[in-house]
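Accompanying notes for the structure given below.
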Amino acid sequence: MDKKQQYERVFCHFDGNGDGKISPMELRLCLGSLGGEISTEEAEAMVVLMDSDGDGQLGLDDFVRLIEGTEEEEKVRDLREAFKMYEMEDGSGCITPRSLKRTLSKLGEKKSFHECKSMIARFDLNGDGVLNFEEFMVMMS
């Protein structure tokens, strides 16, 4: 089953009355059954945000954009957590050769300072010798 078919299956599950659209109430009920409690106002706001034809409901394409946007947000959140593990302890928002060496060592991978500097240089887009979060995201993609 490809991704499009999976989305269609989930969409049909969320579309409680089978009208080919997901109302804010259907969205709220299905998310609640999956453990994702949201208020009526939050469900309405999500629908308004993603509703491409202005009918106050989500069509399949709107639903796919909502799901994919949520997946992207989760991916960025996970990357931010990983980034925090490697960044300087002073919270400077960057990964230095020293902080990379320290973290890799904690993970059981021994690298020299020079090796860490080379690793960073490959993804250091602005040439400042450290990785910021945006550069880290490029490296991890």
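Please read every residue number as a count from 1 along the shown chain.
Even glycines carry a Cβ here, placed using N, Cα and C.
Within the same chain, residues 43-44, 46-47, 55-60, 63-64, 67 sit at least 6 positions outside the domain 'EF-hand' (2-37) and bring their C-beta atoms closer than 8 Å to a C-beta of that stretch. Summarising the annotation, TrEMBL assigns domain 'EF-hand' to 2-37 (among others).
Secondary structure of the domain 'EF-hand' (38-73) per DSSP (helix as H, G, I; strand as E, B; remaining residues coil): 25 helix, 1 strand, 10 coil. The domain 'EF-hand' feature in TrEMBL is assigned to 38-73 (among others).
Same-chain neighbours of the domain 'EF-hand' (111-141): 76, 79-80, 82-83, 86, 93-98, 100-101, 104-105, counting only residues six or more beyond its ends whose CB sits under 8 Å from a CB of the stretch. The domain 'EF-hand' annotation in TrEMBL covers 111-141 (among others).
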- The mean pLDDT across the domain 'EF-hand' (111-141) is 93
